[in-house]
Amino acid sequence: MSENRAPIYLDNNATTRTDPSVVQTMLPFFTEQFGNASSAHAFGNEAAIAVRQARRSLSGLLGSAYDHEIVFTSGGTEANNAAILSALATQEGRDEVVTTSVEHSAVLALTEQLAARGVKTRIIAVDACGRLDIEAFRCALGPRTAIASVMWANNETGTIFPVKCLAGWTREAGALFHTDAVQAIGKVRLNLKDSTIDMLSLSAHKLHGPKGVGALYLRKGTKFQPLICGGSQERGRRAGTENIPGIVGLGKAAELAAERLEPERIRIGALRDRLEQGILRNGECVVLGDIRNRLANTTNIAFDHLEGEAIAHRLNRAGIAVSLGSACRSGSMQPSHVLRAMQVPAWRMHGAVRFSLSRETSLAEVDEAVCAVSDIVTRMRASSRATVREQTS
C-alpha cells in the first residue's frame, strides 16, 4: 500500500461523511436565514418554509402518504424511545412489548428499563443467519400487546427483516408496529403508504446527512403522546425550537438518497461482493448473517480463531477504518449481542469484523482493503502457528 494514499473509510454503518452539497445547503441557516420557525416575521417565515420543504423531501424518500406524518427529532434514539413509550401510554389495556434479540441498544436498553418497571417484554429469537423466528413472533402477539418493534435491517450483519408482513400481523392483533429503519433509510425503498407500519425511526447521519437530527414517521391517525413536552412545535408532537440547519440538511440528504438509491444499491452491492470474495479467498473465514437478504453495503466477516479487535487495530494503523459492530457499544468488552443471539461460536464470534460501504466507496478502495486484510490475516495466522509450534516443541 502507498504510504501517501488517503485513508479508506469502511465503517459507514456507524456514520457517513456529510455530503458536501448537504453542508452547502445548511450553511445559510446558521448565519443568514437564522430565524426561529415559530416566529411571526420574515426570518421566521424563511425558516418555516425550509422546514416544510425538508419534510416534503423526507416524506418522498419514505413514500409516506402525507408530509405531516414526519416528526423531526434529535436522532434515531429519541425516535425509538418516543415510539415505544407513546404506544405504552396510549394503547389502553395493553402493556406488553414485543421485540427481537438483535435490536439496536436504543431499543433493547429501553425495554430492559421497562421490564424493571414491570412492563412485560417478549424477546423473539433469531436463527444462525440472524433471521427472525416468524412463528414465535406471531405467537407472541396477543390482546395485551401494545407495540411490536422490529428493526428494518440489522446494523451489524445487514440482515433485512420482513417488516411489512410483521406489521400486518401486528395490526391484526390490534397493536401498533414500529420499525427502527436507521440502517435501512436510503439503502432500500420503503414505500410506507403501501404498508401498515405505524411508526418508523431514522437518523440523518446514516445517509450522508448531519449528526444530531432524525425523524419519527407517525402514520396519520396513530395516537401519540410526546416524549418531550413544552412548546407546540411539530404539531405538538415534539417540543423545542427546531434545529433548522439540521432539518434542512436531512431534507437535502433525503433528496440525494432518493435520486441515487437504485443505481447506488446495485453498484455498492457489486463492490461488497468483490470485497467479500477477495477476503474469503484467504480461507478460514465466513460471512455472518443472511447472505440472500441483506443490505447491499454490509458484510460481517468472521476470521476463525483470530481476534477481530486485533485485525481492526492493524487495519486502522494501515489507514483503513472498519468496526467490530455497533459504534454505540464501542469500548464494551462484551461480545456482540447480535452474534450471541445468532449463537455464533466464541472462536468465530471473537474474529468478526464489519465492513460497511457507501456511495463514496470506490473500486480502488475495495481492492486496497482486500490486499490489506489478506496481508494482515496471513501474518497473524503465521504468527499464531509459530507460537503453537514453540509451545509444542
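Just so you know, glycine gets a Cβ as well, placed from its N, Cα and C.
If you look up Swiss-Prot, you'll see Gly76, Thr77, Asn155, Gln183, Ser203, Ala204, His205, Thr241 marked as pyridoxal 5'-phosphate binding site, on the strength of similarity to another entry. For Thr241 (pyridoxal 5'-phosphate binding site), the same-chain residues that are 6 or more apart in sequence and have a Cβ closer than 8 Å to its Cβ are Asn36, Ala37, Ser38, Gly231, Gln233.
Swiss-Prot lists Lys206 with the feature N6-(pyridoxal phosphate)lysine. A simple way to gauge crowding: the CB of Lys206 (N6-(pyridoxal phosphate)lysine) has 28 other CB atoms within 10 angstroms, across all the protein chains here. DSSP assigns Lys206 (N6-(pyridoxal phosphate)lysine) to a helix in the three-state reduction.
Annotation comment: Swiss-Prot describes Cys328 as [2Fe-2S] cluster binding site, evidence class similarity to another entry.
Look at Swiss-Prot and you will find Cys328 tagged as active site, cysteine persulfide intermediate, backed by similarity to another entry.
Ranked by how many other Cβ atoms sit within 10 Å of their Cβ, the binding-site residues Thr77, Asn155, Gln183, Ser203 place Thr77 at the bottom. Sequence-distant contacts of Ala204 (pyridoxal 5'-phosphate binding site), defined as residues of its own chain at least six apart whose C-beta falls under 8 angstroms from its C-beta, comprise Gly75, Pro210, Lys211, Val213, Gly214, Gly246, Gly249, Leu250, Ala253.
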